[in-house]
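Following: one structure in C-alpha cells, then a few remarks.
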Amino acid sequence: MADTDQSADRALIERTIAAIEGPDHESSAAVARAFDGKVKPVRSLGQLEALAARVAGIQRTTTPRVDSPVVLVCAADHGIARTGVSAYPQEVTAQMLAAFAGGRAAVSILAHQADAQLVVADLGVVEPPQLHPTHAYAPVLDRRVRAGTDNSAEGPAMTRAEAEQAVATGIRLAEELVEGGADLIALGEMGIGSTTTASVLTSAILDRDPARVVGAGTGVEGEALAHKVEMVDAVLARHEDVEEPWDVLAAMGGLEIAALAGVALGCAAHRVPALLDGFISTAGALVAWRLAPAAADAMIAAHRSTEPGHSMQLQELGLTPLLDLQMRLGEASGAALAIPLVRSSLALLQDMGELADLGRDDAAPDDTAPDDVAPDAASPAAPDGAPPHGG
Ligand SMILES: O=C(O)c1ccc[n+]([C@@H]2O[C@H](COP(=O)([O-])O)[C@@H](O)[C@H]2O)c1
Ligand SMILES: Cc1cc2nc[nH]c2cc1C
C-alpha cells in the first residue's frame with residue numbers, strides 16, 4: 001500500500017475519533033419525560049422507553065427517527081480457521097456471501113421482514129464468491145484488504161497498516177451508508193473461524209481466561225472445543241508482549257472485525273445508532289471502544305448470543321441486550337430481528353396519546369431523572385489501567 005493511502009487512512013481514523021461528541025443527555029431525558037405523559041402507567045413500556053431515549057440521545061434530537069435502516073454484513077476469512085477450530089470449512093464464507101446476495105440466507109429474510117436494506121462487504125474472503133445475475137438481492141461490495149488473514153498462532157494475522165486500512169474501510173462504509181440516508185446501521189459479519197479470533201481479542205482486551213470466553217461457535221464440542229481453547233491460548237502466548245490496541249488488532253485479526261470497529265466509530269461520529277449483533281460484531285465494538293470509549297454511547301445491543309464471551313463484552317460496554325433467543329448464527333440475524341423493536345419504540349414515542357388529554361392530572365411524576373429510564377444509556381467506564389494486550 002502506498003504511503004499516501006496509509007496516511008489518508010490514519011487521518012480519517014483520527015478525524016473520526018475526534019468527531020465523536022457523545023450522546024445528548026437532554027434529548028434522552030426529554031424523551032423519558034414524554035413517555036411518562038403517555039396514556040399508560042408510568043414506565044410500563046420498560047426497556048422500550050429506555051430504547052427510544054437512547055436513540056434520541058445518539059441522534060441528538062427529541063424527535064428520533066429510524067426510516068432507512070441498513071443491515072451491513074462485513075465478511076472475511078481467518079488464517080486460524082485452517083487449524084481445526086470450526087465445525088465448517090473455510091470455503092463456506094464465500095458460499096454464504098452468494099447466499100446473502102441470492103436472498104435466501106437467514107439475514108436476507110430477516111432484513112426483508114424488517115424493511116431494511118441488506119449490504120454485504122467483502123473485506124478479504126480467500127476466494128471471492130462467484131456471483132451471477134440471480135444474486136441481485138443484496139450488493140456484495142469489493143472492499144478487500146487482503147485474501148484472508150494469516151494464522152495468528154504462528155505470527156501476526158496482518159500488518160498494522162492492513163489493520164488501519166480495514167478500520168478506515170469500515171469508517172468509509174459507514175459514511176457512504178449515512179450519505180445514502182441510513183439512519184441506523186445493524187452490524188453483522190460472516191467468516192469461518194471468527195469466533196476463535198473474537199475469543200482471542202475478547203480475552204486479550206478484557207484480560208479474561210480463554211477457557212471461560214470460548215464457546216461452540218458453529219458447533220464445536222468435546223475434544224474439538226478443548227482444541228479451540230488451546231488455539232486461543234496459543235495465539236495469546238504467541239503475542240504476549242503485544243499491548244498497544246492497534247498492535248493487538250493487527251496481531252490477532254480479523255479483517256471484518258477491524259472493519260466493524262471502523263463502522264462503529266463512523267456511526268458514533270455521525271450520530272447514527274450502531275445496532276450490534278452477536279459475539280463477533282461485538283468484538284468489533286470492543287475494539288472501537290478501546291480506541292474511543294465514547295463510541296460505546298452510540299451502540300445498542302440487539303441480542304445476547306449463546307457464546308459465553310458475548311455477555312462479558314456486553315457487560316464491559318454497559319449494554320443490556322434487547323433480545324435473548326439463544327441464537328448463535330451471526331450474519332446480523334439478531335440485529336435485523338431487533339430493528340422492528342427500535343422502530344416500535346420510536347412509533348410509540350411519536351404517536352401515543354397523552355394522559356393529560358384524558359383529563360387526568362396525575363400524568364407525569366416530576367421526579368423523572370434520565371438515569372432512571374435509561375440504565376443502558378450510562379456511559380460505560382473508559383478502559384482503565386493497562387490490561388495485558390490492552391494498551
Ligand atoms: O454472532 C455470534 O454470536 C456467532 C456465534 C457463533 C457463530 N457465528 C457465526 O459462525 C461463524 C463463526 O463460527 P466458527 O465456529 O467458524 O468460529 C461466523 O460466520 C459467524 O457469523 C456467530
Ligand atoms: C452455513 C453457515 C451460515 C452462517 N452464517 C453465519 N455464519 C455461518 C456459518 C455457517 C457454517
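A Cβ is built for glycine as well, from the same backbone N, Cα and C atoms used for every other residue.
Nobody curates TrEMBL annotations by hand; they come from automatic prediction.
Record features, source TrEMBL:
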ACT_SITE  Glu331  active site, proton acceptor
COMPBIAS  364-374  compositional bias 'Acidic residues'
COMPBIAS  375-384  compositional bias 'Low complexity'
REGION    358-391  region 'Disordered'
To see if you understand the setup: which same-chain residues, six or more apart in sequence, place their Cβ under 8 Å from that of Glu331 (active site, proton acceptor)?
Val73, Met96, Phe100, Ala105, Ala106, Val107, Gly188, Glu189, Met190, Asp277
Per DSSP, three-state class assigned to Glu331 (active site, proton acceptor):
coil
